[in-house]
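Novice: Let me begin by handing over the structure; questions about it come next.
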């Protein structure tokens with residue numbers, strides 16, 4: 001039996017799906033309308049069994065006519081608290097919310113793969129799970145609850161794509177082994193004693209303590225981490241008071257992330273942050289509280305065997321020039337790592353850039369990926385399925 005999909009028809013369908021999802025973004029764990037839209041669109045395919053193991057998001061099952069292995073493809077469906085500035089015809093209609101990380105494209109591509117492969121049920125040997133996962137952007141992410149729910153038992157391998165504007169459209173990048181970083185989030189509160197700014201000698205100023213804390217934290221990576229190791233520590237927010245110019249506030253708050261590639265350095269950064277915050281607070285007569293998310297996102301470790309399969313698929317689709325084998329992992333955190341508790345995983349980057357100059361980055365209000373890349377993403381999933389579970 002020949003396999004000759006109507007790629008252009010499916011591409012246009014994915015563009016329509018993507019526009020609808022992009023226009024109405026929803027934050028992590030609040031993806032109610034997005035979930036209903038996915039269910040509505042995929043319910044027209046009788047071969048697809050739609051399940052809801054979490055309050056939002058869905059797991060769609062396609063059971064083949066013949067026995068065989070079970071594989072899973074994953075797309076994340078949540079958006080970000082970003083005010084969109086792209087000017088697209090289908091720009092977000094929700095103020096302060098945007099699909100600025102490409103999850104609308106991830107979702108549309110996986111919907112395309114599910115709809116196409118549903119028509120191939122009689123040729124399938126085994127089962128495919130299409131995971132439309134909620135809450136990737138907010139720890140704890142949605143992957144963990146799916147793993148713990150038991151809804152994914154029996155899956156033998158997991159695959160995912162993530163768009164990347166730094167890569168040219170028409171390319172896919174793979175990193176064997178460690179592919180992303182461990183990510184840990186920290187929140188710091190410095191408690192002082194506020195009052196009128198004309199009398200600082202009677203107060204305990206948390207703003208000065210916060211400023212010194214921020215600078216001191218930047219010495220951890222450069223002065224405490226072995227240069228042979230890699231780590232990133234970023235303070236992403238410092239809030240002191242409410243903008244009043246004549247009052248010193250009672251407290252100050254800082255938050256940020258650590259990104260590491262080993263358990264020992266991960267632990268080292270947590271200990272160093274706690275030590276520095278407490279020491280600076282003591283020097284400035286403040287009380288301090290440091291809260292870490294409980295082992296936020298672990299590093300994705302791509303399976304060598306699955307990388308071999310994925311690399312062959314990419315070469316088949318776009319040739320050797322379209323395959324990027326990355327020498328170093330990315331410093332991003334991704335809860336796709338949670339699926340490693342069940343089976344080997346393979347996470348790849350899909351190029352959505354123009355290949356000409358600097359592109360607006362992920363999480364940027366001007367992020368505008370080239371959506372024609374979705375066709376390559378669709379073909380990647382379909383070709384993986386053809387090789388792994390089709391006769």
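Each residue, glycine too, has its Cβ placed from N, Cα and C.
Whatever TrEMBL says is automated annotation, not expert-curated.
Feature list, courtesy of TrEMBL:
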- 101, 103, 137, 162, 363: Mn(2+) binding site (BINDING)
- 182-279: domain 'Peptidase M20 dimerisation' (DOMAIN)
Novice: On the 0 to 100 scale, where does the mean pLDDT of the domain 'Peptidase M20 dimerisation' (182-279) fall?
Specialist: 95
Novice: Would you list the other residues of this chain near Mn(2+) - those whose C-beta lies within 8 angstroms of the C-beta centroid of 101, 103, 137, 162, 363 - in sequence order?
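Specialist: Along the chain, the qualifying residues are 76, 78, 80, 99, 100, 102, 136, 362.
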Novice: For the binding-site residues listed here (103, 162, 363), which one has the lowest count of neighbouring CB atoms within 10 Å of its own CB?
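Specialist: Result for the binding-site residues 103, 162, 363: minimum number of other Cβ atoms within 10 Å at 363.
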Novice: Report the member of 101, 137 (the binding-site residues) whose C-beta atom has the most other C-beta atoms within 10 angstroms.
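Specialist: Neighbour-count leader: 101.
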Novice: Look up residue 162 (Mn(2+) binding site) in the DSSP assignment and report helix, strand or coil.
Specialist: strand
Novice: Provide the three-state DSSP residue tally for the domain 'Peptidase M20 dimerisation' (182-279): helix first, then strand, then coil.
Specialist: 37 helix, 36 strand, 25 coil
